[in-house]
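*Asks:* First, the structure itself, so that you have it in front of you.
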Amino acid sequence: MSTSNSLTAFLLLAFADRRELQLSHFSLFLGIYLAPLLANGLIITAIDFGHLHTPMYFFLLNLSFLDLDFISTTVPKAMANSLIHTRITSYSRCAAQVFFLFLFVSAEFSLLTVMAYDHYIAICRPLHYGTLLGSRVCVKMAAAGWATGLLYALSHTVNTFSIPLCYGKVLDPFFCEIPQILKHSCSDSYLREVWIIVVTACLMFVCFIFIVLSYMQVFRAVLRIPSEQGQHKVFSMCLPHIAVVSLFVCTAFFAHLKPPSISFPALDLVLAGLYAMVAPAVNPIIYSMRNKELKDAL
């Protein structure tokens, strides 16, 4: 039986066979890619040249970099496949895509957790903000998020691509995804990666609970503010943040933990698109539209 040692390529999802539809898909992906590219680029430029160096903007700067890297891991390859009419992606490129995808997903989720903590300290304990979130603490927290992403990415990539894989490597989404690769395992060794995914999901769920609890404390503090304008400002920023994090977590969980019996191409495509493209596109809107300092810097 042939294994991954002799494997040279995977076949990704083909959106259409007609050339006109392929060009339409290219145009759609181009628009999806350029919107967050421009928005996150503007945020990075505004923070840098506007001298916005508070902890909130430091974390937002890191989030914008992560969003750019995150969406650049999947969408450009899908654009190229539609443009040059190919489904083939090499084994090494697939492994690199899995590595960077897990790196940026894990680092982004860690950073979203830190940003929820930042909002909690800023609103619930403002007098201790400078002490609890000094410059060194912020750098360490951001570095811990990147290090966590690197650790998860290495463990998942090494473990997944050491599993024997059979021929017929057709992947349903438009990028390389671990659950799709594990479908083609030739042995029970894939259970090691399943357990790593479950442990990762549990840790992410703990972070998600921390985010929800942080915002519950924020909402309790905000409801005691007599100013309706102040309440509206906080709710208009925090509620969309919770909504995007919830969508990100739920789709990623379901994509990686759903049983194979309910897996079919259309569902896999929708789930992959939601957690791979929605967060990078929506985050700039959430953190910029209600922020006067960022608007002035722009």
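Cβ atoms here come from the backbone N, Cα and C positions, even for glycine.
Take a look at what TrEMBL says about it:
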- 28-49: transmembrane segment (TRANSMEM)
- 39-287: domain 'G-protein coupled receptors family 1 profile' (DOMAIN)
- 95-117: transmembrane segment (TRANSMEM)
- 137-155: transmembrane segment (TRANSMEM)
- 194-213: transmembrane segment (TRANSMEM)
- 234-257: transmembrane segment (TRANSMEM)
- 269-289: transmembrane segment (TRANSMEM)
*Asks:* Grab the same-chain neighbours of the transmembrane segment (137-155) for me: Cβ-Cβ under 8 Å, and only residues 6 or more beyond its ends, written as numbers and ranges.
*Replies:* 55, 58-59, 62, 99-108, 110-111, 114, 196, 200
*Asks:* Take the domain 'G-protein coupled receptors family 1 profile' (39-287) and average the pLDDT across it for me.
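*Replies:* Per the prediction, mean pLDDT sits at 81 for the domain 'G-protein coupled receptors family 1 profile' (39-287).
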